[in-house]
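Everything on this sheet refers to the single structure shown next.
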């Protein structure tokens, strides 16, 4: 049976061996050489499926663990395969996984806090990729990345009921949980996981995405009385690059918490033109360090800057700025 190795991409330590269906808890400590106190001592739980060639990553720590710039989220889990990158915390300390038939050549380090996998409960089966030939995935579960919600865009962009525009390069869909009266997503058909994966060769594609977004705004029946912004989340919650086209009324029942609000009204929301400019000048997109902390900022009105203590109070205040 193949053996899985967790490999530090910055070569800070020897590969860590992950045995088949055995849980390994990792974080700050001697095994990873991580000393950053923002990384919990028990930041992630990893479980390798050596037969099927993936590793399940469950975030245990408070600060974000990412897979290809997609936040896992505390208590959530996703799958990682060879070719993807796992960032232990806050887009730092990158790892990849490797499956090999003979571990004697690699001499991996001692496994950290390894625990023999207990018998799966019903909850375990619903939350993680099923073991081979034993459990049927729950109804409606998607095969890619164990059907995790972060992969939902890839299904939505193929759904004719969700599409409002498409051409050979892009598709526009309605956001499933709109945070304003008008909220669309422009997605390329080309598979691009995140802002971090963008390069200078993608400039023309992103310019086309922006032109399509501008057309959506121009065709909106309320464009004469509502303002719009076009941009990307610094650390997206969904896999696959997508450009938000969102009206600035934020009049929606789906806007429910501080993270929702701050993701569209702080520097966490990166303007489309700024992303294009970074690619033209630097050949890549630089996400500011600590961008995730912006989601914790106080609630402030995006129009007048007045601070509000709760989402309901913020929504009441926003009504004073709505066009008549």
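Backbone N, Cα and C define each Cβ position, glycine as well.
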Subject >> Annotated range (Swiss-Prot: region 'Interaction with DNA substrate') out of 165-169, 170-174, 175-179 >> reply: 175-179
Subject >> Range annotated as motif 'Histidine triad motif' - as stated in Swiss-Prot, picked from 235-239, 240-244, 245-249 >> reply: 240-244
Subject >> Swiss-Prot annotation of zinc finger - which of the ranges 276-298, 299-321 it falls on >> reply: 299-321
Subject >> Sparsest Cβ surroundings (other CB atoms within 10 Å) among the recorded positions 233, 242, 244 >> reply: 233
Original post:
So of 156, 259, which of the recorded sites has the fewest other Cβ atoms within 10 Å around its own Cβ?
Top reply: 259
Subject >> For residue 244 (site 'Interaction with DNA substrate'), the three-state class that DSSP assigns >> reply: strand
**OP:** Pop the Cα-Cα gap between residue 156 (site 'Interaction with DNA substrate') and residue 244 (site 'Interaction with DNA substrate') into the table, whole Å please.
**Re:** 15
Subject >> Residue among recorded sites 156, 233, 259 with Cα closest to the Cα of residue 242 (active site, tele-AMP-histidine intermediate) >> reply: 233
Subject >> residue 259 (site 'Interaction with DNA substrate') in three-state DSSP notation >> reply: helix
